[in-house]
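Beneath this line is the structure, given in structure tokens, with notes to follow.
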Amino acid sequence: MKLINTFATELPWACEPVAPQPLHAPALLHLNCALLGELGLVAVSEADWLACCGHGQPLPGMQPVAQVYAGHQFGGYSPRLGDGRALLLGEQQAPDGSRWDLHLKGAGKTPFSRFGDGRAVLRSSIREYLASEALHALGIPTTRALVLVGSQEPVYREQVETGATVLRTAPSHLRFGHVEYFAWSGQGERIPALIDYLLRHHFPELADGAELFAEVVRRTARLIAKWQAAGFCHGVMNTDNMSLLGLTLDYGPYGFIDAYVPDFVCNHSDPGGRYALDQQPAVGYWNLQKLAQALAGHVDGDALAEALAQYEHQLMLHYSELMRAKLGLAVWEEDDPVLFRELFQLLAAHGVDYHLFLRRLGEVTREGAWPASLLALLPEPAAWQGWLEAYRARLAREGSEDGVRKGLMDAVNPKYVLRNALAQRVIEAAEQGDMAPFERLFTALQHPYDEQPEYEELATPQPAWYCGGELSCSS
């Protein structure tokens, strides 16, 4: 292998060269072997990965840089953020010709670290590693995780933890905040070059900045629709955490819902619920408005407005498609919004587990008794009778065969979900040097729709005693 460096060489004014800093007593904890194979990196030895991600030693062709960007954080503009603890090491060309960033998080201080130490802790590194691969397996666009390295280096957060690094990968880590930085720092003349870079390397099928923005709107709308259908709350939807490629980016205090709570907040630094689950679609639009403002003067204003006007329609169209599939419905009917709304009201009112309900709903047949496994989830089954009868009538109108429908529903309603309690158990074991629980959970999450009876204990509801719904931004 030999890395290439188009970002560093073509956009040198958008980054600063920085060497990764070694960790104290690093240890290789996990390699994502399947993904390494897809990217053509199987020839790199475990020793070389440890040397790179733990000891700060270069891979062939590596030119590490920290990228500069800005961002709106909780509604307020921060004019200079950038990679405060992550480095773009270079880009790997995969066997299929695609190009992938190698991005090392926890690599040490950079010119953009401000008051931070440039490190990541094992806890947050495990959470990012698991979440990125879990979302990928669910079909949600995301950065991916390649290598996890732990260490004996003390890192000070709310308490003393140990440092770690994650080598993550994506076609690009370009963010809304990259455009904002140059727009509002008196360097607007750089934006055409940034647009040109995106068009040449990531959107060659598009003609200009107007088409680029329209595609960013479309991808963002579809991404957030997928989050909503999956019950995934990102937690920190600042514009510096929004991908120009429509990827899930920067896993902090994220969370999947358990019981259906529409205003679920997973970040204890968000007491006002700005980034609550049910606010994500509106925040996506707000963030796109900020991107449009940064592009104004470089992209036709009417084209920007026209693209923004399509956001809600695109999001709702895709979300409706996803939810119909989850309910095993093949065609659209005019009353579908009512069916969905009444379901969500019941789920919220009765605290029913979102994922288990949808999985077990696939056992409903057009005739006969209601599945015992489904009724066991419902604290007041009688309250559900009206909705279940309406649902069964809907199935009868479609005439779908029960077994076929169940197979289709199982293929979109996961049995295995990255619940916070599961992640916490894995983290606690890893902090004691036991990676076996991590390996089991990682493997199960690779195939979330399969039965996998050998991992059955990982498919149970979040325990009632677990109250860890909100998490810290510290990582």
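Every residue gets a Cβ built from N, Cα and C, even glycine.
Going by Swiss-Prot, these are the annotated features:
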| type | residues | note |
| --- | --- | --- |
| BINDING | Gly82, Gly84, Arg85, Lys105, Asp117, Gly118, Arg168, Arg175, Asp250 | ATP binding site |
| ACT_SITE | Asp240 | active site, proton acceptor |
| BINDING | Asn241, Asp250 | Mg(2+) binding site |
Quick one: give me the count of other CB atoms within 10 A of the CB of Arg168 (ATP binding site).
-> 26
Separation of alpha carbons, Asn241 (Mg(2+) binding site) and Gly82 (ATP binding site) (Å) | 11
Using the structure shown, find which entry in Asp117, Asp240, Asp250 (the recorded positions) has the sparsest Cβ neighbourhood within 10 Å.
-> Asp117
Including all protein chains displayed, how many Cβ atoms other than that of Arg85 (ATP binding site) lie within 10 Å of its Cβ?
-> 22
Farthest-apart CA atoms of Gly82, Gly84, Arg85, Lys105, Asp117, Gly118, Arg168, Arg175, Asp250, residues recorded for ATP, distance in Å | 23
In sequence order, which residues at least six apart in the same chain have a CB under 8 Å from the CB of Asn241 (Mg(2+) binding site)?
-> Gly71, Arg175, His234, Leu249, Asp250, Gly252
Cα separation, Asp240 (active site, proton acceptor) to Asp117 (ATP binding site) (Å, whole number) = 19
Rounded Cα distance in angstrom between Arg168 (ATP binding site) and Asp240 (active site, proton acceptor) is 17
What number of additional C-beta atoms lies within 10 angstroms of the C-beta atom of Gly82 (ATP binding site)?
-> 23
In which DSSP state, out of helix, strand and coil, do we find Asn241 (Mg(2+) binding site)?
-> helix
Cα of the residue listed as 'active site, proton acceptor' to Cα of Arg85 (ATP binding site), in Å and rounded, measures 14
